[in-house]
Amino acid sequence: MSFSVDVLANIAIELQRGIGHQDRFQRLITTLRQVLECDASALLRYDSRQFIPLAIDGLAKDVLGRRFALEGHPRLEAIARAGDVVRFPADSELPDPYDGLIPGQESLKVHACVGLPLFAGQNLIGALTLDGMQPDQFDVFSDEELRLIAALAAGALSNALLIEQLESQNMLPGDAAPFEAVKQTQMIGLSPGMTQLKKEIEIVAASDLNVLISGETGTGKELVAKAIHEASPRAVNPLVYLNCAALPESVAESELFGHVKGAFTGAISNRSGKFEMADNGTLFLDEIGELSLALQAKLLRVLQYGDIQRVGDDRSLRVDVRVLAATNRDLREEVLAGRFRADLFHRLSVFPLSVPPLRERGDDVILLAGYFCEQCRLRLGLSRVVLSARARNLLQHYNFPGNVRELEHAIHRAVVLARATRSGDEVILEAQHFAFPEVTLPPPEAAAVPIVKQNLREATEAFQRETIRQALAQNHHNWAASARMLETDVANLHRLAKRLGLKD
């Protein structure tokens with residue numbers, strides 16, 4: 001069998017029809033699977049010694065979220081090292097990265113595999129992989145025919161990456177430097193909300209504006225901050241992180257602005273604060289809403305005038321710092337309640353970003369699950385970690401109040417449980433490996449604790465226990481926010497919860 005001119009023309013036409021790179025890539029992969037009559041095909045991008053799926057056909061959806069590190073996938077490493085078509089024999093001892101990931105064929109091993117490395121000049125930029133269940137599935141195609149396919153795919157991928165590079169550098173084609181893959185933090189997700197967020201990150205990254213990142217606990221606000229920094233002109237300088245919720249009031253000012261020797265008991269030497277460390281770079285202030293009003297005033301001055309004073313020093317230091325702030329609270333409500341300065345809010349929220357909760361991201365949950373499965377596979381030295389159809393269905397229908405962080409922990413826990421129930425280095429995650437609660441907390445009246453046959457102390461503790469549970473649920477298990485809601489000190493709340501058996 002050989003390719004006709006019509007077949008090649010059809011592939012080229014499909015590459016031009018798509019609206020946007022993602023659509024073009026998907027059309028290419030779907031067309032290739034039809035033309036080559038294979039069971040699965042994938043277009044992968046090469047970045048930092050790993051292959052990142054861009055488009056798939058015939059494979060489980062979670063493959064799009066996986067990141068295939070070369071050291072963990074010898075077949076993909078062989079493709080990356082090759083300069084030409086790679087055909088793996090049916091009896092190859094090298095494990096196939098897609099074993100168990102072809103829907104309906106989970107228990108079978110892939111038999112035929114062809115890899116086509118894709119180049120832009122001398123640079124490896126990606127690969128095409130073709131898989132089939134029959135050992136001789138690709139024998140009818142010559143290497144020359146497969147090279148033509150690779151050339152078309154390489155051209156499409158190279159153009160897409162070059163456009164991405166030009167857009168990130170805000171350059172015109174005539175000013176382009178030699179092709180170089182753009183390395184940025186991977187934001188996994190193809191849902192409309194995540195697509196819009198990625199566009200907004202691209203827009204604001206090129207500027208020097210302060211950014212306020214809002215979103216529920218566990219949605220990935222720190223990852224957004226990293227993506228902004230890495231795509232900004234400040235990327236060559238440090239990104240400094242500070243969790244404002246973990247700052248004791250007594251040392252908060254020193255952490256932010258530094259101190260001089262002798263400024264207070266224990267200040268045995270001069271020390272730079274986070275603003276100095278982030279000079280010419282970016283400072284990420286996580287949980288900005290936890291700062292006291294006094295510190296908010298000092299932070300505002302830095303944003304206004306660009307100078308800081310170390311604790312115990314009368315001299316001012318000039319700093320050039322871009323501030324990215326994150327919060328899981330509604331700062332507008334905090335301003336109205338008098339807990340957050342309006343002028344600081346407006347300084348920080350020049351360009352606000354909102355990270356969508358996982359329950360609003362549709363199929364992104366499966367992509368993220370695939371990413372975490374691959375992480376577990378590498379960490380535990382397993383040959384494969386795959387999700388059963390029932391497990392995928394369960395993940396798609398659970399609302400994840402803890403968002404991406406809860407999903408990550410659920411996958412890691414499920415892998416450990418699944419591994420304990422079977423021998424070997426292959427793990428299949430079933431629905432029973434996930435211990436998701438059937439229902440959320442009932443309404444207060446249904447959850448009221450009866451006091452019949454209870455003494456006063458028992459009734460009081462039961463009431464305290466239920467009140468703390470409800471406060472935590474309403475504040476997404478943020479202890480500091482729950483303490484404010486209950487009008488108590490967060491340290492006292494932790495101690496009370498421990499005494500009541502609500503935490504270890």
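The chain as shown is numbered from 1 upward.
In case you wondered, yes, glycine gets a Cβ from its N, Cα and C as well.
Positions annotated as DNA-binding region by Swiss-Prot, on the basis of sequence analysis: 479-498. Restricting the average to the DNA-binding region (479-498) gives a pLDDT of 77.
Cβ neighbour count for L285 (ATP binding site) (all protein chains, 10 Å cutoff from its Cβ): 24. According to Swiss-Prot, the ATP binding site annotation covers 215-222, 278-287, on the basis of sequence analysis.
According to Swiss-Prot, the feature domain 'Sigma-54 factor interaction' maps to 187-416, an assignment based on sequence analysis.
The 4-aspartylphosphate annotation in Swiss-Prot covers D57. In the three-state DSSP classification, D57 (4-aspartylphosphate) falls within a strand.
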The answer for the DNA-binding region (479-498), taking Cβ pairs under 8 Å and residues 6+ beyond its ends, is 245, 287, 290, 328-329, 339, 464, 467-468, 471-472, 504
Measure the Cβ-based neighbour count of T282 (ATP binding site), defined as the other Cβ atoms within 10 Å of its Cβ.
-> 24
Taking the binding-site residues one at a time (G215, G218), which has its Cβ surrounded by the most other Cβ atoms within 10 Å?
-> G218
Based on DSSP, name the secondary structure state of G215 (ATP binding site): helix, strand or coil.
-> coil
Residues near D279 (ATP binding site) in space but at least six apart in sequence (CB under 8 A) | N237, V319, D320, V321
So, in DSSP terms, is L285 (ATP binding site) helix, strand, or coil?
-> strand
Around the Cβ of D57 (4-aspartylphosphate), how many other Cβ atoms lie within 10 Å? Please give the count over every shown protein chain.
-> 19
Looking only at Cβ atoms, how many others are within 10 Å of the one on K221 (ATP binding site)?
-> 24
